[in-house]
Amino acid sequence: MLKLPIYLDNNATTPLDPRVLEAMMPYLTDVFGNAASRNHPFGWAAEEGVDYAREQISQLINCDPKEIIFTSGATESDNLGIKGVYEMYAQRGNHIITTTTEHKAVLDTCKHIEKLGGKVTYLPVNEQGLISLEELEAAMTPQTILVTIMYGNNETGTVQPIREIAAIAHKHGALFMSDGTQAVGKIPVDVQADGIDLMAFTAHKMYGPKGVGALYVRRKNPRVKVTAQMDGGGHERGMRSGTLNVPGIVGFGKACELARLEMAADAERLSKLRDKLEAELLTLEESYVNGSREHRLPHVTNISFKYVEGEGLMMGVKDLAVSSGSACTSASLEPSYVLKALGLSDDLAHSSLRFGLSRFTTDEQIDYAINHVKEAVTKLREMSPLWEMHKEGIDLNTIEWAEH
Amino acid sequence: MAYSDKVIDHYSNPRNVGTLDKSKKTVGTGLVGAPECGDVMRLQIEVDEATNTITDAKFKTFGCGSAIASSSLATEWLKGKTVDEALAIDNMEIVEELALPPVKIHCSVLAEDAIKMAINDYRVKNGLPALELEKSHH
């Protein structure tokens, strides 16, 4: 029997893989030591667990274990990377380049930098959600210390041309940071081949536990340093103080190991399922995929259904746990800034649904989701005066609306 | 957001969805809201001229569950009422009946406005002056 609701919001968070929980269990019980306790076996055992996890994580992204700085999650990693570079390289310059479609953890950190007197360029994206390399190149100045551009977008799954971006940043003497939150563990991310100097990522987007993330900080060619944003006992090579979350880190390590071994097979299966879901939903008239269909994560699709209203649509797809372009900053009724940056009108942004599939998503679930969404959209359109006008060939822009 | 049982009922089983022939003299149409505001409500009434009674009411709404429920409820209430009784429907009655939370009160206002616009449309079609509608809700 199919269990409802069906979870298709895996860009928000993923369920914990039972194998990850199993790896964590000893560290939640018997092996409770502080990894920084050097004087007794309790501490040694914890440290051993952390060291092993560091290995597992570094293998996934092809770096040295010493280049992994553990944090509480991707938001903290984004903060540490951007603020840490801004402080550390203040002598060299004060300009940062990012994009308008970054996660708030990057955008709000950049706004904070502006308040401190820094300069930030927010590159626009095209209707595919991709930045222009020419515009990036043109934005580089001798003051540019950091280019920070996300790997894969959380709302659309659009994957930026990371290697080309890194090359441009380096050509102009800037560091390149990427928010890899959605991409790591889903597609191959290789910090050497990609030319990434700093990268934020987190466990709970790849079937690991919440509350643990990492900042990759390159140690050679060039040796990158960030100023600590959390002062204290000098953990993590002085870049992030605080007792390590040992069970979380062990789980993060296991999640990375599983991702390394299973990512290719997962991606192949999920992209087929995603394509099926997408193709079926596109058989509905006036439905549109948001973002690039060529350059994107394999498990994500974001679709707008014209002439239905977002909140009503969410209510209609109650058997699915999905996100909508109106609900992502849940408290406000503002449509998604990411979709608006792609050039979508407010109503199309509102009436979008984001589907994020996971390792645990089944064919049966996707078949159910297809029918459920089709029914909801069809029913709402039958109820929609806008749909009726559209069908009668009336241009909605010619109507004088009694605005509220 | 948690919806009341009545909102869910109207959303799942909307009453009187449809379209009346707006070219008929006996039909009044009210179209309120705007697509960019996320709510468009169209409410129509058919009036029996002899008795000044609303014999039929239909709606179509683009909007959230509360907007759909407000208009569905309005059509239920309109049927069988005289035009004067319909004019007296206050949005707060809809709020109470559907247990709408404060952020959804505008849905009930929209429904009240749609009723009044439909009545005015009917009046104007039949050579009666349009009524001054209070705008205090806005």
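Yeah, the Cβs are placed from backbone N, Cα and C, and that goes for glycine too.
Taking a C-beta cut-off of under 8 angstroms and a sequence separation of 6 or more, A:Ala74 (pyridoxal 5'-phosphate binding site) has the following same-chain neighbours: A:His103, A:Ala105, A:Asp179, A:Thr181, A:Ala200, A:Phe201, A:Thr202, A:Lys205, A:Gly213. Among the features that TrEMBL reports, pyridoxal 5'-phosphate binding site is placed at A:Ala74, A:Thr75, A:Asn154, A:Gln182, A:Thr202, A:Ala203, A:His204, A:Thr243.
Taken from TrEMBL, the feature N6-(pyridoxal phosphate)lysine covers A:Lys205. In this view, A:Lys205 (N6-(pyridoxal phosphate)lysine) is surrounded by 27 other Cβ atoms within 10 Å of its Cβ, with every protein chain counted.
TrEMBL lists A:260-294 with the feature coiled coil. Remote same-chain partners of the coiled coil (A:260-294), defined as residues 6 or more beyond its termini with a Cβ less than 8 Å from a stretch Cβ, comprise 56, 59-60, 128-130, 153, 155-159, 185-188, 300-307, 339, 342, 344, 348, 352, 355, 357-359, 361, 363, 366, 369-370, 373-374, 377-378, 390.
According to TrEMBL, the feature active site, cysteine persulfide intermediate maps to A:Cys328.
Annotated [2Fe-2S] cluster binding site per TrEMBL: A:Cys328, in sequence order.
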Next on the checklist: Counting Cβ atoms within 10 Å of each candidate's own Cβ, which of the binding-site residues A:Thr75, A:Gln182, A:Thr243 comes out highest?
Outcome noted: A:Gln182
Checklist entry - Going along the chain, which residues six or more apart from A:Asn154 (pyridoxal 5'-phosphate binding site) have their CB under 8 A from its CB? => result A:Asn11, A:His103, A:Thr181, A:Gln182, A:Val338
Item to check | Distance in Å spanning the most remote Cα pair of A:Ala74, A:Thr75, A:Asn154, A:Gln182, A:Thr202, A:Ala203, A:His204, A:Thr243, given for pyridoxal 5'-phosphate | outcome: 30
Next on the checklist: For a quick check of packing: other C-beta atoms within 10 Å of the C-beta of A:Ala203 (pyridoxal 5'-phosphate binding site), how many?
Outcome noted: 31
Checklist entry - Other than its own, how many Cβ atoms are within 10 Å of the Cβ belonging to A:Thr202 (pyridoxal 5'-phosphate binding site)? => result 30
Checklist entry - For A:His204 (pyridoxal 5'-phosphate binding site), which residues in the same chain are close in space, meaning a Cβ under 8 Å from its Cβ, but six or more apart along the sequence? => result A:Thr13, A:Thr14, A:Gly73, A:Lys210, A:Gly211, A:Val212
